[in-house]
Structure formats: structure tokens, C-alpha cells
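Annotated CoA binding site per TrEMBL: Arg193, Arg194, Gly195, Lys196, Thr312, Ser524, in sequence order. Marked as ATP binding site by TrEMBL: Gly388, Glu389, Pro390, Asp412, Thr413, Trp414, Trp415, Gln416, Thr417, Asp501, Arg516. The Mg(2+) binding site feature in TrEMBL is assigned to Val538, His540, Val543. Feature annotation from TrEMBL assigns domain 'Acetyl-coenzyme A synthetase N-terminal' to 31-83. What TrEMBL lists as domain 'AMP-dependent synthetase/ligase' is 91-471. Summarising the annotation, TrEMBL assigns domain 'AMP-binding enzyme C-terminal' to 532-610. Taken from TrEMBL, the feature N6-acetyllysine covers Lys610.
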Amino acid sequence: MSSETLANLLREERRFEPPAVLAANANATTADHERAAADRLGFWAEQARRLSWAVEPTETLDWSNPPFAKWFADGKLNVAYNCVDRHVENGLGDRVAIHFEGEPGDSRSITYAQLKDEVSQAANALLELGVRKGDRVAVYLPMIAEAVVAMLACARIGATHSVVFGGFSSDAVASRIQDAQAKLVITADGGYRRGKPSALKPAIDEALTKVEGVDHVLVIRRTEQEIPWTEGRDVWWHEITARQSTEHTPEAHEAEHPLFILYTSGTTGKPKGILHTSGGYLTQTSYTHHAVFDLKPETDVYWCTADIGWVTGHSYIVYGPLSNGATQVIYEGTPDTPHQGRFWEIVQKYGVTILYTAPTAIRTFMKWGDDIPAKFDLSSLRVLGSVGEPINPEAWIWYREHIGGGKCPIVDTWWQTETGAVMISPLPGVTETKPGSAQRALPGIAATVVDDEANEVPNGSGGYLVLTEPWPSMLRTIWGDDQRYIDTYWSRFQGRYFAGDGAKKDEDGDIWLLGRVDDVMLVSGHNISTTEVESALVGHPSVAESAVVGAADVTTGQAIVAFVILRGGVTESPELVEELRAHVGRTLGPIAKPKQIKVVGELPKTRSGKIMRRLLRDIAEGREVGDTTTLADSSVMNLIQLSNTGSRD
Ligand code: 6R9
């Protein structure tokens with residue numbers, strides 16, 4: 001970015017008080033902010049006591065060798081014991097841990113006692129197959145309950161899991177298996193997506209023609225489709241687990257023992273193996289899940305719609321909720337199978353009280369129409385969460401009105417694969433929320449916004465989001481590449497973690513995320529955030545979704561090019577395009593008016609729903625489209641290019 005920090009264009013005046021009943025009984029209070037501000041490490045030491053330690057830690061943070069942190073280093077614990085066994089020992093064995101809902105309509109409810117048996121059997125099976133503490137296990141699965149069992153079985157024996165998203169190609173899996181040097185792969189014959197079985201195992205077979213060192217492939221039977229089989233290497237999960245004991249004594253592992261590697265989905269560049277360890281990670285995922293979602297494990301039914309191949313699935317399906325003894329829903333499939341009300345049918349069926357989903361999903365539901373959620377009883381909901389991208393104010397308001405019945409607080413949670421757990425978010429019983437803002441760092445977390453020279457910007461200004469103190473669930477390094485860890489995160493601003501995101505502080509000091517700084521546009525000397533222009537466009541009643549990029553321009557440096565998807569029933573016309581340009585001008589000022597607006601049917605997104613602006617920039621600048629390996633649906637780019645040639649502006 002140039003020396004000028006991000007222009008601060010958007011004005012949003014709406015405010016929502018926390019519901020009185022929620023505030024009166026909330027898990028997190030204003031006092032938590034005060035306590036943590038007075039004694040940050042003491043606050044985290046107290047949160048670590050949420051967990052059951054085999055050896056209680058006496059040290060909280062060792063930051064003697066920055067940026068390599070150690071948290072609770074002399075403590076020992078077993079992560080799987082904390083997520084499963086201790087609840088059974090506390091008399092909660094009959095509580096449902098997981099309501100699994102398959103896409104074809106099959107369902108299964110698994111209690112904590114059953115989960116303990118299944119995790120123990122899986123752990124024993126891994127041991128029989130020669131997996132030991134410190135080995136890496138690659139996991140390539142659909143969204144089925146066994147994915148959770150597999151991850152916990154690894155954690156239990158101290159094997160480090162590397163979950164690879166089930167939608168990734170065999171090449172992507174191969175490079176990740178290779179980088180982590182995984183010894184065993186856990187996969188399934190297939191999973192159900194969009195109404196039909198979709199194979200998984202063949203991608204592993206192909207990947208293993210390219211990499212060495214994998215002794216066994218453990219295969220879960222889900223779809224019962226025909227799959228290739230390699231005798232001696234491949235093992236059926238149901239056969240090997242069935243003969244194992246349901247007893248397995250969990251060993252205590254060091255707090256800094258590697259729990260998992262997760263490769264960042266990467267809207268840019270080569271994937272990085274983000275390494276997370278045990279005690280600090282579990283402390284912060286457990287605490288944040290309790291505080292941010294106000295989880296009452298006795299009565300709540302929690303549902304996070306993320307995939308376990310994404311960090312949100314790790315932290316807020318597996319480790320956070322299960323360490324807290326939550327009852328949760330796991331859904332295998334897509335939101336429009338067999339109909340566009342599937343999510344709301346599931347909320348109604350299980351009486352979901354806390355829903356955690358992504359802005360991309362919310363905007364899709366807006367596009368499908370208000371009448372769809374209106375057909376279902378969503379009155380059980382009491383807290384709504386959002387993650388993955390900035391949520392634009394109109395989508396926030398829609399979520400609150402049409403899903404939350406106008407009464408549920410929304411927690412817009414900012415965090416990253418690298419941060420391991422939520423860092424910036426409203427607290428549902430404390431914060432007066434502002435649509436579109438993640439607002440304030442959580443208790444115990446230190447975040448701010450700085451300019452190019454690393455000076456904190458005053459309220460009302462924009463710049464770079466940085467984290468100024470280490471936190472328990474922080475990444476420990478990039479797997480096998482300490483130097484890249486230092487260079488990527490700790491070099492831009494001395495001694496501070498640079499998140500790669502632009503942000504602004506409003507007049508109250510609340511934080512608004514403005515997207516990746518790589519995406520920021522420089523127009524006639526002004527840095528303008530793509531997020532703000534996108535929000536303005538989605539604020540127009542004809543627009544369902546938009547993506548904005550800066551394209552090289554001889555006069556202005558960069559020119560704003562917007563891709564928009566219209567809402568159902570709206571037709572494209574030159575007048576509408578002109579009206580949209582004028583609307584942005586009115587909302588943000590003339591500087592932010594897009595030079596071009598292209599109406600498209602789809603936008604390129606990663607499998608976790610993030611818009612790949614890099615690819616749109618290629619189109620806007622008339623280049624051949626670059627690397628599309630992390631794209632959810634590769635046919636989308638052809639559609640956009642076609643509509644591009646046919647566009648009228
Ligand atoms: C959890 C997750 C991280 C990037 C992050 C930022 C964007 C996530 C956000 C958000 C605005 C939010 N992001 N949550 N931006 N508001 N509430 O998404 O991890 O896949 O590693 O992505 O996602 O740009 O830097 P990950």
C-alpha cells in the first residue's frame with residue numbers, strides 16, 4: 001500500500017442492544033475484559049483451568065524466543081480425554097455429542113459414552129496399524145461423524161493430524177501428504193453431495209502413485225460405491241475398529257505437543273502447513289466457544305455449518321464444542337439438497353439454538369428468497385455467528401431479521417487458520433452490536449490497526465490489522481519452515497503479528513475488517529477497500545452478491561471493476577448498471593464509483609467460500625486466468641468469461 005492508509009468510506013449507524021435475558025445470564029461479562037486487561041497472562045492461566053490436566057501447568061507463557069511461543073509448557077494433558085472421557089466420568093455419558101444428519105436423510109445421534117467407545121476403538125486401530133506418537137496422519141473425509149472420531153483418535157495417541165478438505169484434487173492431497181510426510185491416510189469410499197454419491201478414495205489412490213511413505217489407507221464405508229482396492233495397504237475402518245477394545249488409556253502429552261497441521265486454503269500463493277499444538281490451542285478454543293457463543297451445554301443445540309477441512313471445523317466443530325460438552329449437529333451435504341430450505345429444516349428438526357455460518361452462505365440464502373426460511377420454525381435460535389469474510393451490513397441485517405427473528409444477537413467473529421481461535425468478536429450478552437463490525441478484541445487478546453510506519457492509527461482511520469501480544473492458540477510455526485513463519489507474519493511490523501487484513505477503527509475504537517490488503521485498490525492515490533464497495537453494492541435492493549477488484553488503469557492507477565450477481569427476478573439493463581454506479585457514489589462518495597460493472601451468474605470462490613479476487617483481476621485486466629486449484633467449482637471461470645464478452649458496459 002502507499003503511504004496513505006485505507007480510506008474510511010462506509011457509514012453505518014444502526015445499533016442493536018444485547019437481549020436483556022441473554023445479558024442477565026451471559027457466560028461472558030464486561031468484567032472479563034477488565035480482568036484480562038489488568039492481568040492478561042493471569043486471565044489465560046485461569047482459562048486453562050477449564051481443562052483437565054494430567055500435570056497442571058505452572059508456567060503460562062514462555063516468550064523468550066519470539067516469535068516462537070510456548071504456552072503452559074510444563075503442563076501435560078490429553079486433548080481427546082478433555083473432549084470425550086471427562087464428560088462421561090462427570091456423568092454425562094448419555095448426553096448427545098453429535099446429531100449426524102446425512103445428505104440423503106439418514107441420521108444418527110451419538111452420545112458422549114458412544115463417542116468414547118468409538119474414539120478408543122479407532123485409537124487402538126491406529127496403534128495396530130503402527131501409528132505412534134509424533135507420526136502424521138492425513139485425513140481426507142466427507143462431513144461424517146467418523147471424521148471427528150478420526151481426528152480425536154489421532155489426538156488421543158499423540159499422532160498429528162493433517163485434514164485435507166474432501167473437495168481438493170489428488171494433486172493437492174499428494175503435495176500435502178508429502179509435505180507432512182504422513183504415514184497413514186484416513187479416507188472414505190465417498191460422500192453424498194448434491195444428491196449423489198461422490199467418490200473420494202480414487203483421489204487417494206492417485207495421490208499415492210506420486211508420494212511415498214504411506215503404509216496404510218484406512219477406508220470408511222459411507223456410500224458403498226465400488227472403489228479400487230490395494231491388498232495389504234488398504235484397510236476397512238469398520239472391520240479393523242470392530243475387533244478393537246473400547247478401552248484405551250489416554251496418555252498425557254506435553255502442552256506443546258503438535259496436535260495438527262492444517263494447510264491454509266490460500267487465496268494466494270503456495271499452501272502453508274500451519275502448526276497448532278495442544279494445551280494453548282484447546283484453552284482458547286474452549287474459552288472462546290463458551291464466551292462468544294454463550295454456550296449452555298445442558299440446553300443448547302449448536303450447529304456450525306463449516307467443513308472439518310477448514311479451521312472453523314477443527315476449532316468450532318471438534319475441539320471447542322466437544323471440550324465444552326456441547327450437543328451439536330453435523331450435516332454432510334449442501335444447503336440446497338434436496339431443496340433450498342434444507343438448513344432451516346435441520347434447525348427445526350433438532351431445535352438448533354446457536355448457528356455459526358459464513359457470509360457467503362447468508363448471501364446465497366438472501367438470493368434464494370425470504371419465503372424459504374419463513375416456512376420453518378426457527379424460534380429455537382438464540383445466538384447467530386458469522387465467520388470467513390467481512391459480513392456486509394445488508395447481509396447482517398437479513399440474517400438477524402429472517403433467520404434470527406429480529407431477536408438474536410449476531411457475533412461476527414474475526415480469526416484465521418493461523419490464530420487457531422476467535423480473536424475479535426462481539427460478546428453476545430455484553431456488546432451493543434454494529435452490523436458489519438467484528439468490534440473488539442476478546443478478553444486476553446491484543447489487536448490494533450497501524451499505518452505504514454507501524455504507528456497506531458487514531459479512531460476514525462484505517463490501516464493494517466496487527467496482533468500485538470502472543471495468544472494461546474497462535475500457530476507455532478509453518479511446518480518445516482521456521483523462516484517462512486517469521487517472514488510471513490512477523491517481519492512487516494517489528495515484534496507484531498501482521499494478519500494480512502486491512503481494517504479501520506471507527507469513532508468508538510471498534511474494528512471493521514476491510515479484506516485482505518492484497519485486495520485493496522489504489523485509485524487516484526486513495527487506498528479503497530474492496531469490502532466497502534462490495535457492501536455498498538449489496539446494499540442496493542437489486543444486488544445479491546458482489547466482488548470488486550482494482551484493474552490497472554492509465555489515468556487513475558487502478559480502476560474499480562465490480563462483478564455483481566443480481567437478486568432473483570431482477571433483469572440486467574444498462575440503466576440498472578448506471579443506477580448501481582450512482583448508488584455506490586451516493587453511499588461512499590464519487591471516488592468509489594466503479595468504472596465498470598459486470599453482471600455475472602456466479603463468482604469464483606474457494607471451498608470455504610472466500611471470493612478469489614485474484615482470478616477476477618485476471619479477467620478485469622484481460623489476462624489469462626491464473627492458478628485455479630483452490631477454486632470450488634472450476635467451471636465458474638468459463639461462465640464469467642463468457643458473460644464478460646457479452647456484457648454491455
Ligand atoms: C476462520 C477463517 C482467514 C481470513 C482472514 C480474513 C477473513 C475471517 C472474518 C474475516 C472479516 C470476519 N475473515 N473471518 N474477515 N470478518 N469475521 O476464515 O480462517 O480460512 O484462515 O481465513 O478470512 O481475511 O484473514 P481462514
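Glycine residues also receive a Cβ, built from the backbone N, Cα and C atoms like all the rest.
Keep in mind that TrEMBL annotations are predicted by a computer and have not been checked by a curator.
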Exercise for review: With H, G and I counted as helix, E and B as strand and the rest as coil, say where DSSP puts Thr312 (CoA binding site).
Suggested key: helix
Practice item. Within 10 Å of each Cβ, count the other Cβ atoms and name the one among the binding-site residues Thr312, Ser524 with the highest count. Key: Thr312
Review point. Counting by DSSP, what is the helix, strand and coil composition of the domain 'Acetyl-coenzyme A synthetase N-terminal' (31-83)?
Key: 22 helix, 12 strand, 19 coil
Practice item. For Thr312 (CoA binding site) and Thr413 (ATP binding site), determine the Cα separation and express it in whole Å. Key: 11
Exercise for review: Just give me the nearest neighbour of Thr417 (ATP binding site) among the binding-site residues Arg193, Gly195, Val543, Cα to Cα.
Suggested key: Arg193
Exercise for review: Please name which of the binding-site residues listed here, Arg194, Pro390, Thr413, is nearest in space to Val543 (Mg(2+) binding site), Cα against Cα.
Suggested key: Pro390
**Study point:** Spatial neighbours, same chain, of Trp415 (ATP binding site) - Cβ under 8 Å, 6+ residues apart
**Key:** Val387, Ala421, Val422, Met423, Ile424
**Study point:** Separation of alpha carbons, Gly195 (CoA binding site) and Thr413 (ATP binding site) (Å)
**Key:** 31
Review point. For the recorded Mg(2+) site formed by Val538, His540, Val543, which further same-chain residues have Cβ atoms within 8 Å of the site's Cβ center?
Key: Glu394, Ala536, Leu537, Gly539, Pro541, Ser542, Ala544, Ser546, Val564, Arg567, Leu580, His583
Review point. Do any of the binding-site residues Lys196, Gly388, Pro390, Thr413, Thr417, Arg516 touch ligand 1, in the sense that the CB is under 6 Å from one of its atoms?
Key: Gly388, Pro390, Thr413, Thr417, Arg516
Point to revise | Local confidence of the prediction over the domain 'AMP-dependent synthetase/ligase' (91-471), expressed as mean pLDDT | key: 96
Point to revise | The one of Thr413, Thr417 whose CB sees the fewest other CB atoms within 10 Å, among these binding-site residues | key: Thr417
Point to revise | Set of same-chain residues at least 6 away whose C-beta sits under 8 angstroms from Gly195 (CoA binding site) | key: Glu103, Pro104, Thr337, Pro338
Practice item. Can you tell which of Arg194, Lys610 has the least company, meaning the fewest other C-beta atoms within 10 angstroms of its C-beta, among these recorded positions? Key: Arg194
Check your understanding: For the CoA binding residues given in the record (Arg193, Arg194, Gly195, Lys196, Thr312, Ser524), what is the largest pairwise C-alpha separation in angstrom?
Key -> 50
Study note, to complete from the structure: By a three-class reduction of DSSP, Val538 (Mg(2+) binding site) is assigned helix
Practice item. Select one residue from Gly388, Pro390: among these binding-site residues, choose the one with the most other Cβ atoms within 10 Å of its Cβ. Key: Pro390
